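Engineer: Not my notes, these are from TrEMBL:
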type	residues	note
DOMAIN	A:56-249	domain 'ABC transmembrane type-1'
TRANSMEM	A:7-25	transmembrane segment
TRANSMEM	A:56-79	transmembrane segment
TRANSMEM	A:91-112	transmembrane segment
TRANSMEM	A:132-150	transmembrane segment
TRANSMEM	A:189-210	transmembrane segment
TRANSMEM	A:230-251	transmembrane segment
Amino acid sequence: MKARRLGAWIAIAIGASYFIVPLLGTLEFSLRMRRDAYSFDAYRSVFSDFQFRETFGYSMMMAVLTIIFGMLLVVPTAYWVRLRLPQVRPIIEFITLLPLVIPAIVIVFGYLRLYNSSSILPLTGSTSGTNMLLMFSYMTLSLPYMYRAVDTAMRAIDVRTLTEAAESLGARWPTILFRCIFPNVMSGVLSGAFITFAIVMGEFTMAALLNRPAFGPYLQLVGANKAYEPSALAVIAFAITWLSMGLLQLVSRFQKSAPAKA
Amino acid sequence: MAFLQLTNIQKSFGPVQVVHNFDMGIDKGEFVSFLGPSGCGKTTILRMIAGFETPSGGTIFIDGKDQGALKPNQRNIGMVFQAYALFPNMNVHDNVAFGLKVAGDSKPEIDKRVKQMLGLIKLEHLADRFPYQLSGGQQQRVALARALAVKPQVLLLDEPLSALDAKIRVSLREEIRQIQQQLGITTVFVTHDQEEALSISDRIVVMNAGRADQIGTPFEIYNTPATRFVASFVGTLNIIEGKVADPAIGAVTIGGQQISLSEPITGAKGGDSISLALRPEAGSIAEGARGDTALPGKVVSRSFLGSVIRTKLRVGEDIISFDMFNDPGMIPPVAGESVTLRFAAKDLLVIRE
Ligand SMILES: Nc1ncnc2c1ncn2[C@@H]1O[C@H](COP(=O)(O)OP(=O)(O)OP(=O)(O)O)[C@@H](O)[C@H]1O
Ligand SMILES: [Mg+2]
């Protein structure tokens with residue numbers, strides 16, 4: 001019994017070190033920009049880089065827009081499917097899984113074919129059009145996580161009966177959706193939002209091929225040209241992801257109500 | 001035309017017809033229960049009144065107004081669900097206020113009305129609680145207050161007590177009835193619990209496979225069930241199989257013994273089979289019990305139900321159960337004992353199939 005416990009701990013330690021050692025190595029390396037002592041010079045250099053601030057801000061804004069528009073798409077869809085079209089649920093689930101199966105590069109080439117400047121809808125012809133296209137592609141990428149998070153939250157409340165209760169009290173559908181349904185799936189919305197945030201901040205393929213000044217391509221650029229800064233950036237990127245994940249945990253723990261389910 | 005008038009309602013889901021030719025008028029302020037086994041179409045009719053289902057045929061009028069073209073949120077109906085269906089993100093006050101806010105009432109008006117409603121269900125002190133902080137019975141009372149706050153023309157309750165435990169069920173049903181009478185609101189109450197229906201209704205509709213078998217007061221339903229189904233579903237009526245001996249004088253044979261009913265039997269001839277019902281409290285085996293009819297039988301079993309003792313007797317081919325009051329001074333019969341069951345022939349009911 002004891003030996004087995006010990007074995008388990010050893011396995012965990014090996015697994016953990018597999019992740020942690022490279023991370024510690026990166027962290028240590030990022031602190032060694034100055035010859036003889038540890039310093040935050042690499043970080044100072046990163047933060048003072050004009051491009052860093054620009055691309056970081058750009059990606060941040062894209063992430064927020066993706067979350068807002070993604071939720072406006074996903075919540076009503078998941079709601080409608082649960083309420084009126086339960087038979088198409090498998091189809092919707094399949095569609096939302098597609099972005100996991102189809103590589104981003106394939107999707108983006110598809111976009112370029114469909115929306116190039118000589119097409120009917122020349123989104124890539126203008127900067128704002130391209131930004132929009134990029135946002136929609138981020139929405140696509142985050143769809144599997146977003147849909148699942150929201151749908152799971154909806155399973156916890158009795159969507160149909162709540163809707164009927166609201167309807168019998170005279171409410172119309174915008175009221176029902178935004179006052180009775182949305183607040184009760186907030187935990188799902190938030191977890192979907194944090195995952196989306198993490199995805200958008202690190203995404204490379206779409207942004208690079210659509211030639212937008214996003215954080216992902218910037219990471220790659222710095223990585224190819226500098227020595228210490230890439231390590232500092234990697235640590236920063238990790239910190240962002242972990243912060244998102246931590247907030248996600250926090251939110252799901254703080255979801256206060258245990259909804260009545262008969 | 002009655003206040004709530006259902007005329008020739010039909011409902012089919014695909015090829016399956018689940019409600020057949022349902023006709024009923026419910027008066028203003030009346031409390032009507034739909035009673036029937038699972039799947040008989042009670043909920044479906046209720047949902048058609050509320051507008052959640054569209055009838056395949058027939059019309060629904062409330063206060064002379066055809067509801068056919070109205071959506072659920074355009075009808076003036078209060079609905080209480082089995083699963084409470086309180087909004088989990090709102091506290092008690094906001095739940096009750098929801099319909100009033102939707103209607104665009106002013107804040108002082110809303111607060112006044114909510115207070116009044118919470119007073120009605122005696123939960124003023126819990127106005128700030130969220131649904132998950134309430135017991136099932138409290139949640140259902142809030143749901144009732146929420147439905148009544150908007151002053152609906154008709155209140156619909158779909159098995160509102162089924163999710164609660166036995167004690168609360170009894171006290172809450174009495175509370176519902178009392179509030180209903182106080183407000184004089186027209187109410188349709190769905191249940192599959194016959195005791196519930198009998199105890200609080202003005203009238204009961206006994207439903208069987210999408211049809212109304214009998215519509216009547218609890219007294220009529222219990223004492224003079226119109227069909228065999230009603231007889232077996234409501235109460236614990238004994239069904240005794242007999243043969244018609246002479247229809248003209250109401251003579252029948254039960255367990256090889258001829259007895260005479262108080263009335264002639266119409267539409268039957270000698271030798272026909274006939275089903276008769278006897279309420280368990282109509283018979284007695286006590287010494288000197290009254291009754292013009294006596295049947296010999298053997299005790300099969302007895303069960304102690306508190307204030308009454310229910311005894312099952314074998315009489316000929318039939319098992320008849322009857323109740324007697326628990327009298328500590330009397331020794332109840334034991335299984336296997338031979339006894340004589342006495343009752344009045346006028347208590348026997350002829351049952352239509
Ligand atoms: N949306 C639907 N689609 C298909 N069939 C349905 C639908 N709703 C109800 N039914 C069928 O209609 C019949 C009546 O259902 P209903 O819910 O009215 O029964 P009920 O009397 O309320 O039963 P219970 O006591 O179990 O609630 C059932 O056979 C049911 O399967
Ligand atoms: Mg039902």
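Here the Cβ of each residue, glycine as well, is placed from N, Cα and C on the backbone.
Fair warning: this is a prediction, and the values are worked out from it, not measured in the lab.
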Engineer: Rank A:91-112, A:132-150, A:230-251 by Cβ pairs under 8 Å to the transmembrane segment (A:56-79) and hand me the top one.
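Structural biologist: Looking only at A:91-112, A:132-150, A:230-251, the most contacts with the transmembrane segment (A:56-79) come from A:132-150.
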Engineer: Counting only residues 6+ away from its ends, which parts of the chain sit with a Cβ under 8 Å from the transmembrane segment (A:91-112)?
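Structural biologist: Result: 77, 81, 124, 133, 137, 140-141, 143-144, 146-148, 203, 205-206, 209-210.
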Engineer: Near the transmembrane segment (A:7-25), which same-chain residues lie under 8 Å Cβ to Cβ, leaving out any that are not at least 6 residues past its ends?
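Structural biologist: Distant contacts of the transmembrane segment (A:7-25): 235, 238.
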